[in-house]
Structure formats: C-alpha cells, structure tokens
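Student: Encoded as structure tokens, here's the structure I'll be asking about.
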Amino acid sequence: MEIYYKAAPVLVHKNEKSPVAIASTPKSFGWVKLTWVLLALGILIRLFHFLDNRSLWLDEIYLASSLVKMDLWELTFSYLEYEQKAPVGFLWMSKIAVLLFGNSEMALRLFPLICGIASLFLFVPVARHFLNPLGGAVAVGIMAFAPPIVYHSVEIKQYSAELLATILCLYLYTHYHRKRLLSSLMMWGVYGAAIIWFSFTSIFILAGMAMGVTLYHLLRKEWGTVFRMVLPFSLWLISFVINYCLFTSKLTDAAWLVHYFKIRNSFMPFPPSSFSDVVWPFQYLGTRLLHYPLGLLWDVSSIENEVLQYVLRRPIFAVTCSVFGVLLIFKRDKKLLLVLGFPFLLLLIASALEVYPVWERLTVFLAPLLILIIAVGCERLAYFSRQFDRRLGFYLVLLLLAAPFYTSLKQVLMPQSFGEYKKSFFREALLEIDKHYQAGDQVYIYWNIQTPYLYYKDVLGLKFKGFEGSDFRNVSEGANDYLTKVAAEIKSLNKNKRLWVLYSKRLSMNIGEFENNSGWYVQEVLEAQKLHMKLQGLGQQVESFDTQYLNVSLYELREE
C-alpha cells in the first residue's frame, strides 16, 4: 500500500484519493499554511494575555507565595505554603524565572507561557505524524484557541507544563516506538524518565503508553520487541519510584481536598449503583472534556433563545468526530488506539480509588489525546463530504473551531472575561486603596481576603498597613450574631473618620477547610449581601471599587 503523506498511518492512503491528503497539491498546501496561521494566532493570543498582566487569582497566590519566599532547596525539600503541590521540576524553573526577572506576575508566569508556546510548536509534528494536512490544521486550531488551554498558558500553576509533558510523550512515541536499536530505546527511556520530574500526570501518559505498546506486541507474539521495550519502560518506572519516594508520597491529598472533589462528583462512582453512575465515564471523559479543556462548547449565557441554547449546549459535531475518530483509529492503527486509550483507563481507575479527580484544570493534560481523536474523525468526515461539495471540508473545520475561536477572540476584546470566575482584581483593589490612602485612614482587611493582602503587601510595597479582621464563623450562632461581632471589631479600631473595608464576595472558606461547614454564612452573609448592608450602616460610603469578585469601600464613619 502506497502512503502519500509521510508517517501518517491513520488516514492517508492511496485508495482514498482525498485532495487534502496529498501534500504537494495546492489545496493541501493551503491547509499547511492555515496550520501555521492558526499557530501564530494562538501564540499572539497567549502573548496578549501575558502582557495584559492581570492580577493573580487566589490559587496562583497560594503557589506564588512559596516561589517568592523560598529558595530552591526549600522548594525541593520543604512543604509549600497553603498546602500547595507542584512537580519539583516546575518549581525549579519557575523559581529561576523569579531569580532572573523579579517577583512580578509576568516573571512568575514566564515558564508556563514558555510551556504553552512550546506545546503549540511541538504539537505540529505530532499532528503531522498521525493526520493529513486538514486534520493537522484542526488539531493545531483546537490547541491554539481552546480557552482553558490558553488560560493555563499564562497561569502560575503547573497545568501548562503538564500539557507540554503529554505532547512531549507523544512526540517521543512518534520518534521511538518503531526503533529497535538499544541505544535509541535507552534515549526514549531517559527522556521519559526526565519528563516525570516536571509533570505529575505524565505517569498516566507514560504508563498508558507502556501498557498499550506492550499489549499490542504481546497479542502479535512479537516477543523480541516486548523484551526490548522493557528497557525504556523500566527507566520510566525507576524514575517514577524515585520521584514518588522523595517527593510525591509526601503530597498525598488531605481529607478536606478529597471532600472538595467528592461533592463535585469528580470521582468515578464505584461500584456503580445507578444508571447515572454507569454513564459517568462517558459524561466526564467524553462530553465534559469537550468543554474543559477543549472549549468546543458555546457559551450560551448571553443567548435568550432557548432552542438555540439547547442546540449549542450539545456538542453534536464534536462527539460525532470523536466517535468516527475512535472507529477509524481502531481500523487503521490499533497500537495507537491502545496508546491513546490506556491513559483514560488509568485515570478512571485512579478516580474510582479517589486518588485523582476528574475535574476541570486537572484534565488539561488529556487535551492532546482527545484532540488527535477528534481531528482524525473530522478529516474522515471532511473526506466523505467532498463527494457532495469540495468546500464542505472547510465548513466542517470552521464548524469545529468556531466556538473556541469566538470565545478566545471575545476574551481578547474583553480581557475582563478571561479566566471567567478566576478573574480576580486583588492587585487593582489594593492599589486603589494605596492610591487614595490618607494619613490616619484605617484599612480593615476582611478575613477572606487576607491571603492576597499578605502577598501583595510585600510584592507591591503598599504604604498602608491593614488591620487583619478576625474570622468569627466558628464562634457565632448564626448570621446575625456573626455580623454583630464583625461590626463590633470594626468599631473597636482607632476612632478615625475614614475607614476602608476590603472583602471578597465569593470566598467562603480558608484553604484546608471542609466546604459547606457554614452553610448559613454562604446563604445569609454572602449571597444575601447582609455583610454589605451591615457595613453600609457604619457610615456614609464615599468611594467604591466593586467587581463581581470583591468590593473595596471607603466610609466616613458616623459620630457616636
């Protein structure tokens, strides 16, 4: 069988005669050019949000506190502040950026940005290995525009590095899985062993890859290949065991964190006791991944038409592409199907054991696997569609990329929507106080926003010193008693005419707490805005900085 497109075992065969499968034709060259245009746009979007330099949000501050305060030795062998966890390689690289460029938000986000851009570049040869030019454009387009992937490329957390690690594993697979020389297999083992130190989730990919390759050759009774593959796979195992014994074993999830993910239904129910439990894997490892991290679902919050909302909420075309992709890979490259499928299986097992939750940002590392499957299905559908109209292939690509492109474009035009609920204004709020602060002013820092204050106080060199308010939730009998205690504490401050109050309108607990322990606090104090009403009674509000996340108000206190 003659193959037209180099190293593309999945789709590109002579008998299909697809115009997009022939790299030398003008139409195929158009898809190649489009791939580079999409990649360039993806880089520009990431650079825009990096240079926009938004305030750190709470999870970023939790990790940034350790990166700013600790040295390399402490980051390696000490517990991080606020019960944070990150791969040691990621911590080293992020700390080096801080040492070189200071402790600004941009310095902290530099390594994630590098990982995000490197992921785009490295995904191009990976996509080309498995896909024809049309499929490659689809794959790179999703990677370039998926809003969650863009966001994590400019977030001081490890998820961008986890994404790059998966792509590196796939790239190494394309380069080494057919090698027979022990020297080549040794290099495969060394590279994979190194990746483990930069990514927690790489073990799902590498272990799944090892299991898939081994099972494939076992079923074919290729014993020599099986024995040779022991070399790289054993190096991965040794590296994981060393890393686990030295570092990861100390980072086992606390009970409060397990509870946090359990109430969000992020662990696979096992054994299943209902129909919803049975379909859980298909919902969470299927349609929900299409939303996060791939961003293939439309944001319908601003659409009033209920019928249109219903249609756009259903990722019909993306699911269809996924199904076709799985079927075609099964037909053409069963080894690849095992390599792509085993990481999902291992994740389900870890989820059932409550070791690793299937939740939002924790699934970013799976994106390249799912993108490849979808792209394979899309290019097959495009091949079928050319029987009716040659332009349909382009329209199908447009249909698949429209939602992530639209959302990413909107977030460039409206940066305040970038990150959605993770968009905080801690820095802006504190600088607002600092700008208008006058000698003698009192600044009351509500308990649920003290972590951002303590971080930015030193980083920004704020000229005011805030009073850190007490958390009365556990010593109050209800909302009214709680608010009375807060008001009494504020009134006990020095009798100054001007009082600043800074509080978060969303944060209802401190890290390490079990969620929902104080239901009355969320329902009556935050959601019912009783806190704000209580503060209004202290005096006349003369200035305010209000966002959906927090509130800063300046009051002129009443004489008593």
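Glycine is no exception: its Cβ is also placed from the backbone N, Cα and C atoms.
Predicted automatically and left uncurated, TrEMBL annotations should be read as such.
Keep in mind that this is a model prediction, so the values were computed, not measured.
Pulled these from TrEMBL:
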- 86-242: domain 'Glycosyltransferase RgtA/B/C/D-like' (DOMAIN)
- 29-49: transmembrane segment (TRANSMEM)
- 110-128: transmembrane segment (TRANSMEM)
- 134-152: transmembrane segment (TRANSMEM)
- 159-176: transmembrane segment (TRANSMEM)
- 188-218: transmembrane segment (TRANSMEM)
- 230-249: transmembrane segment (TRANSMEM)
- 337-359: transmembrane segment (TRANSMEM)
- 365-383: transmembrane segment (TRANSMEM)
- 392-409: transmembrane segment (TRANSMEM)
Student: Compare 29-49, 110-128, 134-152, 230-249, 392-409 by their Cβ pairs under 8 Å to the transmembrane segment (159-176) and return the stretch that comes out on top.
Tutor: 110-128
Student: If you average pLDDT over the domain 'Glycosyltransferase RgtA/B/C/D-like' (86-242), what do you get?
Tutor: 97
Student: When each of 134-152, 188-218, 230-249, 392-409 is checked against the transmembrane segment (337-359) for Cβ pairs under 8 Å, which one has the most?
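Tutor: Highest pair count goes to 188-218.
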Student: If I count Cβ-Cβ pairs under 8 A between the transmembrane segment (110-128) and each of 134-152, 188-218, 230-249, 365-383, 392-409, which range comes out on top?
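Tutor: Stretch with the highest Cβ contact count: 134-152.
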Student: Is the transmembrane segment (365-383) close to the transmembrane segment (230-249), in the sense of at least 3 CB pairs under 8 angstroms with a sequence gap of 6 or more?
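Tutor: The answer is no, given that the two segments have fewer than 3 Cβ pairs within the 8 Å cut-off.
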